[in-house]
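**Student:** Here it is, the structure, as structure tokens.
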């Protein structure tokens with residue numbers, strides 16, 4: 001009896017043991033190897049994407065004076081950048097399948113560092129040593145801080161690994177911590193959207209918060225899709241599960257709306273501000289979503305969590321210093337001042353109509369009215385005189401303009 005009951009007892013305890021293992025992080029060397037593979041893929045992807053974007057920008061700059069707005073399609077430089085951009089995005093996508101979400105997301109600081117270095121190396125202008133140090137000292141300090149922060153992120157990042165099967169993703173999707181997180185995020189998103197659309201609160205923080213909340217859901221679904229594809233390649237098919245297509249649709253939808261809000265922000269604010277503030281907000285929201293959905297920090301000790309948070313703060317400071325020192329574009333100023341025309345809006349008045357100063361002499365461009373000039377150059381006035389009305393009942397004659405003679 002006891003020998004017959006022992007196998008059944010072992011079978012009953014097996015699911016409990018597997019459930020406990022799925023939550024606890026792996027401590028073997030293979031999990032660290034997966035972290036390293038994912039981090040290297042993410043760094044490689046961001047580096048290649050930065051090179052690709054700069055190649056495409058270089059192609060657009062060379063063809064800035066072309067009459068054909070689509071001439072860059074016929075250049076090898078633009079197409080080389082396009083191919084490299086696809087390769088870089090593919091590398092970042094694959095990195096989510098190996099490493100935890102909270103480790104991959106902050107590594108996007110590599111793209112900011114790479115863009116700053118590429119801009120300094122390929123700069124066309126010549127600067128004096130004092131001007132060069134004054135202009136780029138913050139960029140060098142920011143690059144150094146971003147590299148230090150990236151090192152801390154990779155070293156002390158979360159080490160929790162879990163197979164992205166349809167069962168595990170569904171279990172995380174209906175867990176109460178994630179449902180509570182989603183409820184709070186939906187409420188915050190609706191409030192921000194109300195102030196942005198109805199109250200015209202076009203602040204950069206509000207727009208980029210909308211982008212960050214959408215981006216947190218994008219990276220959650222990206223990791224689910226990439227992980228299920230990797231598990232399917234390893235031999236366990238997951239592509240026939242409905243949760244895979246649900247995650248795929250959510251990934252596409254959130255990415256499209258995220259790009260829409262980013263385009264609106266780029267029309268209102270400088271790209272340097274969008275890069276720094278967007279990186280900080282998006283990284284914070286994505287780490288919170290990964291810690292809630294995938295339980296990235298489950299089982300991690302306090303020291304690793306604090307060092308990881310320190311690496312994030314150092315990377316945030318580095319990106320802020322890099323983007324703070326970028327050269328801001330100078331808006332086009334017309335030669336004729338628009339504030340000299342009554343009722344016309346100036347580009348700096350934020351929608352307030354500027355009236356001219358009536359006490360000052362009228363100026364049009366660089367030509368000013370000078371009273372000391374001869375009368376022949378003085379603007380002539382055309383007197384308007386109203387003639388006498390005709391008999392009652394008849395129509396009144398129109399106004400007659402008297403001819404202006406030289407004697408007058």
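The backbone N, Cα and C atoms fix where each Cβ goes, and this holds for glycine too.
Pasting the relevant annotations from TrEMBL:
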- 36-56: transmembrane segment (TRANSMEM)
- 77-98: transmembrane segment (TRANSMEM)
- 104-123: transmembrane segment (TRANSMEM)
- 135-154: transmembrane segment (TRANSMEM)
- 174-196: transmembrane segment (TRANSMEM)
- 203-231: transmembrane segment (TRANSMEM)
- 243-265: transmembrane segment (TRANSMEM)
- 277-296: transmembrane segment (TRANSMEM)
- 302-322: transmembrane segment (TRANSMEM)
- 387-408: region 'Disordered' (REGION)
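Relative to the rest of the structure, where do these features sit?
**Tutor:** Listed by sequence, the residues of this chain that lie at least six past the ends of the transmembrane segment (36-56) yet keep a Cβ under 8 A from its Cβ atoms are 72, 77-78, 80-85, 87-100, 103-104, 107-108, 110-111, 114-115, 118-119, 122, 150, 154, 157.
Sequence-distant contacts of the transmembrane segment (77-98) (same chain, six or more residues past either end, CB-CB distance under 8 Å): 34-35, 37-39, 41-42, 44-56, 58-60, 62, 104, 164, 219, 222-223, 226-227, 229-230.
Here the transmembrane segment (104-123) has Cβ contacts under 8 Å with residues 38-39, 42-43, 46-47, 49-51, 53-54, 92, 95-96, 136, 139, 142-143, 146-147, 149-150, 153-154, 219, 223, 275, 279, 282-283, 286-287, 290, 311-312, 315, 318-319, 322-323 of the same chain, all six or more residues outside its ends.
Outside the transmembrane segment (174-196) by six or more residues, the chain places 202, 206-207, 209-210, 213-214, 216-217, 288-289, 292-293 with a CB less than 8 A from a CB of the stretch.
A Cβ distance under 8 Å defines the sequence-distant neighbours of the transmembrane segment (277-296), meaning residues of its chain 6+ beyond its ends; these are 23, 100-103, 105-106, 108-109, 112, 158, 160, 162, 172-173, 177-178, 181, 204-205, 208-209, 211-213, 215-217, 219-220, 223, 262, 265, 312, 316, 319-320.
Remote same-chain residues near the transmembrane segment (302-322) are listed as 102, 106, 109, 112-113, 116, 138-139, 141-153, 155-158, 275-276, 279-280, 283, 287 (criterion: CB distance under 8 Å, separation of at least six residues from the stretch ends).
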**Student:** Take the transmembrane segment (203-231) and find every residue of the same chain, 6 or more past its ends, with a Cβ under 8 Å from one of its Cβ atoms.
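**Tutor:** Distal contacts: 93-94, 96-98, 101, 104-105, 163-166, 169, 185, 188-189, 192-193, 195-196, 238-239, 241, 243-244, 247-248, 250-251, 254-255, 257-258, 261-262, 264-265, 268-269, 273-274, 277-278, 281-282, 284-286, 288-290, 293-294.
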